[in-house]
Amino acid sequence: MGPRPSTKNPVPMMLTVRVALVLSCICPANSIDGRPLAAAGIVVTGDKAVNIYTSSQTGSIIVKLLPNLPKDKEACAKAPLDAYNRTLTTLLTPLGDSIRRIQESVTTSGGRRQKRFIGAIIGGVALGVATAAQITAAAALIQAKQNAANILRLKESIAATNEAVHEVTDGLSQLAVAVGKMQQFVNDQFNKTAQELGCIRIAQQVGVELNLYLTELTTVFGPQITSPALNKLTIQALYNLAGGNMDYLLTKLGVGNNQLSSLIGSGLITGNPILYDSQTQLLGIQVTLPSVGNLNNMRATYLETLSVSTTRGFASALVPKVVTQVGSVIEELDTSYCIETDLDLYCTRIVTFPMSPGIYSCLSGNTSACMYSKTEGALTTPYMTIKGSVIANCKMTTCRCVNPPGIISQNYGEAVSLIDKQSCNVLSLDGITLRLSGEFDATYQKNISIQDSQVIITGNLDISTELGNVNNSISNALNKLEESNSKLDKVNVKLTSTSALITYIVLTIISLVFGILSLVLACYLMYKQKAQQKTLLWLGNNTLDQMRATTKM
């Protein structure tokens, strides 16, 4: 069963129109492409159209329980008709009394309305506790009191007609259709046939049909006998009461054939008994159906994740279960306000949540941006079928191909295996045999590997384990610090005192100064020595020249 829609904030139709107008201005939506995501363990299982609805339309069905037989055949069927009439009265009188008590629980005195219907409901509930849904249903029953009174004004004419479907409009505030499933049977079997039937055969046919209809009535009104405010009549129950004539009312209320099957599956079409008259055997039911607004270009895409293989173990992708897409905008869709059918999603309100850039990039086809959570559970789904093919994690389960026989192996580093009829016609997984008919074309990406950086911890147990590892690392670090402190304690504190350090620094500076002065002095002496050598060399050369000049003379 799908989740029940929220009825706390009904959506006005003006809001529906505005939402539809805004969304219709956006460019057409493109579905999320599941081909690059399949090999990463993210499977697009399908799309559904998104609709917004409010339960605002009502109409009435007047079920004619007692058929009118042709005058010449009344005597033949008198015995089964009398028995049927007595059984009907016994079966439905508690229902009629309950309806009457609730409708009469609101009286007008002195111009003020005295609301006493809650006490009436509690009196009709076996447990003595009235829920909010029961109070709401009783309030709707009280509001339909005037319409029920108008129908009773016309009960004689409705009971006298031989038509199986008759539209009643005289003095009624809403559309009402009188239908008679048994009258339809009488018309088909007796009024439109030229064959003369014997009296005994007429009695037998009428008796059998009346008994079958009584069985249907008992099935429909079993939970309703005590209090009509407890349970609504489903669309299936309404069809049992009215037969195929139910379509006439729905068509009159504007339900098209293209929406009918989807609305029937949604359970949004319901009915509440509003009157029962034992004199004419008329049963009035108020039918409520939604007013639906289609949101153009808006669809809901359903995603499922598969446990994939990584170097850090098995993991599943962190993506929303349902996303909605309008144009290039992708957001997570909250379906708690919606009712699901096979093809449609009916919501009382549209609630979406923005996604992180990483998830958006992942769903757009960039599988390297996908994040995964470790899933070590043995019951984690290791395979999934899609369009006649299988996506399986052949490291978690044995992928045995029956035809042709063999074991399908998954290469190291591959997240999952894509198996179609090209690689295996008949596949056996955990004792389940599947005949494959689909095929993964070349557009499907394969051999995708999940990096270590893409696997994160999200589960409570895994987080506890990681916290334990962190605590162990911290303990090891503290032990190392204690060892270093013990080694520092062995060092001579006097040598590392502040005054000693200052002395060392001053002596070092003095040594550097003396060293620099010595270097400068040495350079000066070397320079002076070289100058003296040059002077002596010059004097020697002059003396030698003078001696040569004296010798020549």
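The backbone N, Cα and C atoms fix where each Cβ goes, and this holds for glycine too.
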Going by Swiss-Prot, the cysteine from Cys394, Cys401 that pairs with Cys399 in a disulfide is Cys394
Out of Asn85, Asn541, Swiss-Prot gives the annotation N-linked glycosylation site to Asn85
One finds that other Cβ atoms within 10 Å of the Cβ of Cys523 (S-palmitoyl cysteine) number exactly 10
The average per-residue pLDDT within the coiled coil (142-170) comes out at 58
